[in-house]
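A short write-up of the structure that comes next.
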Amino acid sequence: MAEKAPIHKHADADGQFRRKASQFRDFISSAPDSKFPPEKDRYALYVNYGCPWAHRANLVRSLKGLEPIIQLIICDFELTKEGWLFTGRDGSDKKDPLYGFTRMQDLYKKADPEYQGRFTVPVLWDKKMETIVNNESSEIIRMFYSEFDSLLPEHLREDQKPGGGFYPKNLQKEIDAMNDWVYNTVNNGVYKTGFATTQDAYEANLYPLFESLDRLEKHLGEPGHHPYLFGEHITEADIRLYTTMIRFDVAYYNIFMCNLKMIRHDYPRLSRWLRNLYWDGGKTVNGHAFKDTVYFWTFKYGYLRAKGRNEPDEKLVVPKGPLPDIQPLDDDKMTNGH
């Protein structure tokens, strides 16, 4: 029997995984001449529950209390030959509620019939102009921080938050610097490790990943860097790291072979930081957004599909461990490391 061709080729010819840049880069802005002004019910956020980049946007939508203002549309987290689909399974809509599409690529083609890039999530869609505003998660979350604040209650506005909000001016240089190395070696580092197709490519990304985790562990032990990465208040740096760390032990450790160490056993400060966010231990966030946007089984299943490149009708055996998916906030076996 001929070997089954893989659905997706994640790595380049040299075995390295290289993420392509997002192509829709407009902004929602409250400026008077804005092409995309903030308006209630005008925009929709397309995500799936498995993707960490989409998770960022969904998380900030919840943290900011934007649920009544920006519609959330869910596609399936199972990546197929045709990309992301609307299937009605696992939280997905049966079809795109705006246009009846069954594939995310149809939405991209509606925005630009000549589009040749990847059909990724998240997507921030303008229902009035019927186009994609932006499909880059790092930019979408910054729009969400403040551009809709005039439509929100005062306590949810950035200028009313202790510490200056999620991207405070006095910390922007430090946050940007951390974002840069965390993105390259951690957020994207797990993908470069997990999708490597040669031993050299795998090890070239595995060791920098754990060097950066060691660096984060040290950072959290320094004065002014706990309980969150930059002190008493949650910032963008915490949000961007969280969506990778919450997937680490349950998916990246085993499925992506990022298995030199585990967060829960080998990084006490990072583990405490992660649990504090998940369980809302600091009582500083809007509701339980960090916990309520997490779907552990989805992470395992989705990455098994992506890593194994299996056909959608094949049944996967999904690992049960580790148990629990995340440890309790106050685990007697853990120390906060401070």
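Easy rule for this one: first residue shown is 1, then count along the chain.
Using N, Cα and C of the backbone, Cβ positions are placed for all residues, glycine too.
Since this is a predicted model, take the numbers as computed values, not measurements.
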Ranges in play 3-26, 315-338, with TrEMBL marking region 'Disordered' at 315-338
Here the recorded positions are Cys51, Arg118, Val121, Glu136, Ser137, and the Cα closest to that of Tyr252 (site 'Lowers pKa of active site Cys') is found at Cys51
A 10 Å Cα radius around Cys51 (active site, nucleophile) captures, of the recorded positions Trp84, Val121, Tyr191, exactly Val121
Rounded to a whole number of Å, the separation of the Cα atoms of Trp84 (glutathione binding site) and Tyr191 (active site, proton donor/acceptor) comes to 18
Expressed in angstrom and rounded to a whole number, the glutathione site built from Trp84, Arg118, Phe119, Thr120, Val121, Glu136, Ser137 spans a maximum Cα-Cα distance of 17
Whole-Å Cα distance, Glu136 (glutathione binding site) to Tyr303 (site 'Lowers pKa of active site Cys'), is 21
Taking every residue in the domain 'GST C-terminal' (168-295), the average pLDDT works out to 96
